[in-house]
Each structure stands twice: as C-alpha cells, then as structure tokens.
Amino acid sequence: MRLLLWWGGRALSSAVTLLGISVLIFAALRLMPGGFAETILGPFATPEQKAELAARYGLDQSVLAQYGHWLAAFGTGDFGTSMISRQPVAAELAARLPVTAQLTLLAVAAAVLAGVPLGVVTAVRARPGGGGGAGRLLSGLGVSVPEFALGSLVVFVVSRYGLQTTGYLLPAAVLSIFAISATARTTRDAVLGVLVEQHITAAVARGETPWFIIRHHILRNAAGPVLTLTATITAYLLGGALIVEYLFNLPGIGSYVVQAVGRRDYAVVQAGVLLAAAVFIVMNVLVDLLVGLVDPRLGRRA
Amino acid sequence: MKKLRLDPLSLAGLACLLLLVLPALGSLVDAAGDPDAIVGPRLQPPGPGWWLGTDNLGRSVLPRVMEGVGTTLLLSSAAVLVTAALSAGFGVLAGYRGGYLNELIMRVVEVLYSFPAIVLAVLVAAVAGPGQLAALASIVLVTIPLMTRLVRAAAVAVAGRDYVTAAVISGARLPRVLGRHVLPNVAGTIAVQGTYALSVGISVEGGLSFLGFGVQPPQASLGVLIRQGGTYMMAAPWLIIGPGAVLVLAILSINVFGDGLRDRFEPRETRSLV
C-alpha cells in the first residue's frame with residue numbers, strides 16, 4: 001500500500017514537471033524576438049498579410065487561450081501542424097525517429113557492453129589508497145572531449161583519407177566515447193562502494209573466486225547507479241544528438257527541432273521539446289522500477 | 001584551517017589549468033601578439049612568427065587561442081559562480097526546511113533537468129539573442145539542477161546533526177543556522193560540484209558557440225575557433241587541432257582536479273579483489 005502511494009505520488013510529480021516544462025517552452029517561444037510570419041512572408045510583408053497568417057494559426061488569440069488549445073490537443077495525441085511545411089508534426093517527427101533511434105541504440109549498446117566491463121575491471125583491480133592513475137586519466141579523457149571537438153576531428157580524418165562513412169557507425173562512435181567513459185566511471189564508483197561491504201569480505205573468506213564474487217555478489221548490488229546513468233544517456237540521445245547530427249549531416253530529431261527554433265515554427269519546437277522531456281521523465285521512472293527489481297533493497301528504501 | 005592535501009595527478013591537473021589561464025590573464029597575450037593583427041600569409045602551417053599557424057585571414061592562431069581560452073574560462077567561471085551561489089542558497093534552504101518549499105524548488109530543478117542540455121542552450125540563445133549573455137545563462141541553467149540536488153542532499157544529512165539541533169535550541173535564527181552551521185558543512189560538495197560544473201560549462205559554451213549561437217566573432221572563444229577552423233579544415237588542420245587540444249586539456253585538467261577534490265572531501269575506504 002505504501003509502495004502504491006509512493007508510485008502514485010511519483011506519477012503526480014512527473015505530471016507536474018511536464019506541466020512546468022510545457023509552460024516554460026511555451027513562454028520561451030513567445031518571448032523570442034521575431035516571429036514565423038517574418039520567416040514565411042519575408043521582410044516586406046504588409047501588416048494585413050501578417051494578421052491573416054496569425055489568424056490562420058490561431059496566433060491572434062490570447063497567449064493563455066493558445067496555451068490551453070495546445071495543451072488540450074497535445075493530451076489527445078495531436079501535436080499540431082508545422083507552420084512551415086504544413087505537415088502534421090507527429091508525422092515529421094516519426095520520419096526522423098529512425099535516425100535518432102539507431103544512433104541512440106548503437107551508442108548506448110557500446111556504453112553498456114564496453115563501459116560496464118571496463119568499470120568492473122578497473123574497480124576490482126584498484127589498489128587501496130588510490131592509484132590507478134592510467135585508467136583514471138583515460139576515462140577522464142573520454143568524458144573530457146566534447147562531442148563537437150571529437151566530431152570535427154573524426155570528420156577531418158574521414159575526409160582527408162577518403163574513408164567511406166558507412167551508416168551511423170562513425171557518428172555513433174563519436175557519441176559513444178563519452179557514453180562509454182561515463183558508464184565506466186560510474187560502474188567503477190558503484191563497484192568500489194560494494195567491494196568494501198561485509199558480504200564481500202565474507203565471500204572472500206569462504207574462498208570464492210573473484211569471478212564468482214563479481215557475478216554473484218557485486219553486479220546486482222552495483223547496478224543501481226549504472227542503470228540510472230544508462231537511462232539518462234538514452235533519454236538525452238533520444239532528445240537529439242544535435243551536434244553530431246549537424247556534423248555528419250544526419251536528419252535526426254535534434255537538428256529538426258533546432259531548425260524549427262530558427263524558423264519560429266512553434267508547433268514543432270513545442271512538441272519536440274515536450275516529447276524529449278517526457279521521454280526523459282518516463283525513462284527515469286522506468287529505471288527506478290527496474291532498479292527496485294534488480295536490487296530489492298533499493299526498491300524498499302524508496 | 002585544515003591543509004588541503006591532493007594527490008599528484010590532481011595537482012598536475014591544477015598546474016596545467018593555471019598554465020592555460022595565467023597567460024590569458026597576464027600581459028603574455030601581448031607578447032604572443034595581437035589576436036586580431038594580420039601577421040603573415042593566409043593558412044600557413046605552424047612556423048616561426050606563427051607558432052600554431054595562421055588562419056584564413058592571415059592572423060596568428062596562437063594569440064587567438066590564448067584569447068579564446070580567456071573568453072571561455074572567464075565566461076564559464078562567471079557562470080559557475082552564479083550557479084554555485086544559487087544552488088547553495090536554494091539547495092540549503094530546500095534541504096533544511098523541507099516541506100512545500102522543498103517540493104517547489106525540486107520541481108523547478110527537475111523541469112530544468114528534463115531538457116536535453118544543448119537544446120536548452122539553443123532555446124536560451126534564441127530568447128536572449130546569440131552572444132556571451134546567452135552562453136552564460138545557458139551554462140547556469142544547464143549546471144544548476146544537478147548542483148542544487150546534491151547540495152540539498154548534503155544539507156538534508158547535515159540538518160539532522162546534533163550541532164544543528166543545539167544551535168536551534170539555543171535560539172539561533174534561521175539565517176545564522178544556515179550560514180554558520182549548515183552551509184560550511186556542505187561547502188565541500190559545492191566545491192567538488194563547482195569544479196565539475198566548470199568543465200560542463202566549458203563544454204556547453206564550446207558547443208553553443210560551435211553551432212553559432214554563443215560567443216560571436218571576431219571575439220575568439222574555443223568554440224568559435226573550432227567552428228571557424230572547421231571551414232578550412234582540409235587545407236589547414238592546425239586551425240582545429242590547436243584550439244581543440246587546448247579545449248580538451250582544459251576540461252581534462254579540471255575533471256582530474258575535481259576527482260582529487262572529491263577524494264579529499266568524500267574519502268572512502270577501498271579494497272582490491274585480486
């Protein structure tokens with residue numbers, strides 16, 4: 001019962017957060033200088049033309065009324081119509097989803113498959129009293145190279161040596177360097193935290209092999225922070241790997257939304273940002289559920 | 001005052017950072033040359049007179065990188081100071097008082113946290129207009145959620161300590177309790193998170209300026225330099241290699257220093273399994 005109440009509260013606060021985001025994004029768009037009328041009609045449009053255009057998209061109503069209409073439509077799954085292309089926003093986003101989804105999937109898979117083992121190995125090999133300078137420096141380097149710097153370098157190398165860029169491998173590789181390093185660091189921290197617990201001492205005393213201890217006593221207990229990080233990375237990448245899309249000319253969701261910001265295509269920006277935030281929040285709730293399943297101690301504490 | 005002991009790697013990070021910052025602050029920039037002066041032919045590889053090469057206008061890259069480091073670090077540091085002040089205030093208040101205030105602050109923080117960072121930065125730039133102010137505001141908004149959360153968590157732990165209860169019983173008012181008893185004990189968290197926020201800030205400024213929404217040319221920042229260098233990358237790779245290396249070095253030194261600070265403020269026992 002208490003657990004049910006807790007999840008109810010969680011759902012409620014998520015809804016409040018989403019509402020806050022919708023207000024923020026709506027207000028931000030209305031605060032931006034210039035409007036989409038200028039973008040469509042050009043600088044020589046007459047006030048009458050602008051007024052007609054505004055009326056067509058309901059922009060002549062009060063801001064509060066606009067917000068109400070938008071939110072009500074959004075609730076029924078109608079994300080509105082792009083003011084530039086006149087296509088439904090949902091269809092336009094769906095057309096760009098495969099690019100974003102593949103990039104995300106590749107990067108997250110790399111992060112989990114490479115980052116978790118790296119983190120575990122560096123943790124169980126850590127010597128008491130610090131040390132592990134090389135590993136620390138390497139994973140530190142991985143989280144220190146911004147996407148745009150690494151991406152520029154990769155684009156340079158590829159074009160200089162005439163390499164073929166096949167599919168999403170290279171852009172995903174650029175994204176995954178950070179993801180792998182961050183995952184490795186978090187895994188290492190989590191495992192180090194478990195290693196000093198008494199049940200590990202007991203396992204060592206029973207003469208269990210390190211590999212057995214890792215599989216049976218460490219992985220589950222250290223899973224919490226790693227799962228949370230993986231969810232965060234996934235959600236952020238789904239929201240748009242803007243810079244990598246820009247560098248590699250990929251038609252993903254991130255570049256679509258940013259282009260829409262430039263054109264003041266309100267419906268697209270509103271839907272894109274709100275959906276990205278919703279994905280982020282839902283992922284976080286799901287991962288909390290998952291963490292509770294993998295490590296029941298944490299579920300109960302929540 | 002306890003002495004702040006750091007391990008060699010963190011000290012190396014700090015030294016490296018100072019090495020990058022000091023020339024930018026001091027008069028050494030003048031010694032390296034005027035960042036806007038045209039010193040030689042266009043797109044020359046590194047050589048005497050232009051140690052990191054020249055750009056598409058024949059300007060020497062070295063003084064431009066120095067100006068860029070200065071701009072980037074100054075902007076990011078200013079932003080992180082704002083973040084630290086706001087996070088400290090809100091985080092301590094939310095953690096100590098709890099209740100509705102806590103709910104409100106945490107909701108606002110979560111709203112900001114749910115935006116993808118670079119999308120948030122682009123939106124800020126669209127509202128405020130591209131420029132330094134947009135970069136600064138973006139860094140603050142991107143770094144504030146995590147820091148406020150962690151400061152709050154630290155404050156919750158401190159709020160239950162005996163010395164805080166003792167202060168309240170002896171009649172200390174809220175500002176005194178927070179300022180004298182809670183804040184000093186979460187200062188370590190603020191320092192550690194501030195360091196990490198600085199590296200995030202540099203990355204955000206770089207990304208935003210790289211997309212053309214941050215610092216505007218002719219002023220140099222590391223992001224601006226890498227953006228401009230990208231155009232002439234094939235003919236003159238030194239245009240991105242120099243600024244890129246400096247950028248990575250700056251972020252890496254800050255992160256390594258932050259790790260050292262964290263080990264110092266939140267020491268843990270460790271053991272090895274093999």
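Yeah, the Cβs are placed from backbone N, Cα and C, and that goes for glycine too.
The domain 'ABC transmembrane type-1' feature in TrEMBL is assigned to A:97-287.
Taken from TrEMBL, the feature transmembrane segment applies to A:12-32 (among others).
Here the transmembrane segment (A:103-125) has Cβ contacts under 8 Å with residues 132, 135, 139, 168-169, 171-173, 175-176, 179-192, 195, 210, 214, 218-219, 222, 226, 230, 233-234, 237-238, 241, 244-245, 250, 252 of the same chain, all six or more residues outside its ends. Taken from TrEMBL, the feature transmembrane segment covers A:103-125 (among others).
Within the chain, the transmembrane segment (A:137-159) has long-range Cβ neighbours (under 8 A, six or more residues past its boundaries) at 118, 122, 165, 170-171, 173-175, 177-178, 180-182, 184-185, 188, 241, 243-244, 247-248. Sequence annotations record features per position, and here TrEMBL assigns transmembrane segment to A:137-159 (among others).
Residues or ranges marked as transmembrane segment in TrEMBL: A:165-184 (among others).
Under 8 Å from some Cβ of the transmembrane segment (A:226-248) lie the Cβ atoms of residues 99-101, 103-104, 107-108, 111-112, 116, 119, 147-148, 151-152, 155, 165, 170-171, 174-175, 179, 182-183, 186-187, 190, 254-255, 257-258, 272, 276-277, 279-280, 283-284, 286-288, 290-291, 294, all in the same chain and six or more residues away from its ends. The transmembrane segment annotation in TrEMBL covers A:226-248 (among others).
With a cut-off of 8 Å between Cβ atoms, the residues of this chain six or more beyond the transmembrane segment (A:268-294) that come close are 10-11, 14, 17-18, 21-22, 25-26, 29, 70, 74, 79-80, 82-84, 89-90, 92-93, 220, 223-224, 227-228, 230-232, 234-236, 238-240, 253, 256-257, 260-261, 300, 302. TrEMBL lists A:268-294 (among others) with the feature transmembrane segment.
Only residues 6 or more beyond the boundaries of the transmembrane segment (A:12-32), in the same chain, are considered here, and those with a CB under 8 A from a CB of the stretch are 63, 66-67, 70-71, 74, 261, 264, 266, 269-270, 273-274, 277-278, 281-282, 285.
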